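*Asks:* I am attaching a structure below and will ask some questions about it afterwards.
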């Protein structure tokens with residue numbers, strides 16, 4: 001991922017006191033819905049519009065002295081998503097990757113959490129009442145995991161937005177590795193695919 005090097009979690013946790021840790025989670029759920037009665041949605045994936053106008057995943061900086069990365073991430077999710085985040089807990093088993101950047105010295109830890117569609121919808125409904133809504137978080141968005149007939153609308157157009165850090169690459173890697181897209185979808189996207 002551009003400007004960042006991938007590292008194992010154990011290595012990331014031993015980098016020392018000069019490093020800050022940020023944890024973010026992609027929340028997703030199977031979605032049997034059809035757009036316009038014919039385009040399968042397959043999955044609902046949440047991202048958020050941040051205070052800086054960029055798209056990213058819920059989460060933020062955590063302090064390892066307060067417990068685990070997951071404790072800090074779940075605290076952040078509660079602040080950004082509200083009470084519905086208490087219905088689930090991101091665990092170590094949900095961990096996907098860590099990437100380190102040298103300036104600033106930040107390690108970005110990424111998690112994916114499978115929810116039910118009801119849980120995900122509750123998060124969407126409750127988010128406007130969350131502590132950080134309207135401040136750090138300007139709103140939640142669902143990622144369109146389809147490509148329209150023109151091969152521009154849907155995911156290709158969504159990926160033209162501005163993302164924070166490596167959130168775009170995290171999204172692409174996760175949806176590919178978790179099998180959230182129709183088989184062969186990446187071949188039709190005019191983007192560079194994750195390694």
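Glycine residues also receive a Cβ, built from the backbone N, Cα and C atoms like all the rest.
These figures come from a predicted structure and were not determined experimentally.
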*Asks:* From the ranges 61-82, 83-104, 105-126, grab the one Swiss-Prot calls motif 'Nudix box'.
*Replies:* 61-82
*Asks:* Need a hand: Swiss-Prot gives 24, 57, 166, 170 for substrate, which of 38, 50 is also on that list?
*Replies:* 50
*Asks:* Other residues with Cβ within 8 Å of the Cβ centroid of 24, 50, 57, 166, 170 at the substrate site?
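*Replies:* Other same-chain residues near the substrate site: 26, 47, 56, 59, 108, 110, 163, 164, 165, 167, 171.
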*Asks:* With the substrate site defined by the record as 24, 50, 57, 166, 170, how many Å span the farthest pair of C-alpha atoms?
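*Replies:* Greatest Cα separation within the listed binding residues comes to 16 Å.
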*Asks:* How many whole Å apart are the CA atoms of residue 59 (Mn(2+) 1 binding site) and residue 24 (substrate binding site)?
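*Replies:* Cα-Cα distance, residue 59 (Mn(2+) 1 binding site) to residue 24 (substrate binding site): 4 Å.
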*Asks:* As a test of reading the model: what is the averaged pLDDT for the motif 'Nudix box' (61-82)?
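*Replies:* Mean pLDDT across the motif 'Nudix box' (61-82) comes out at 92.
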*Asks:* Tell me the Cβ contacts of residue 80 (Mn(2+) 1 binding site) under 8 Å, same chain only and six or more apart in sequence, or just say none.
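*Replies:* For residue 80 (Mn(2+) 1 binding site), the qualifying residues are 48, 58, 59, 60, 127, 130, 131, 132, 133, 136, 137.
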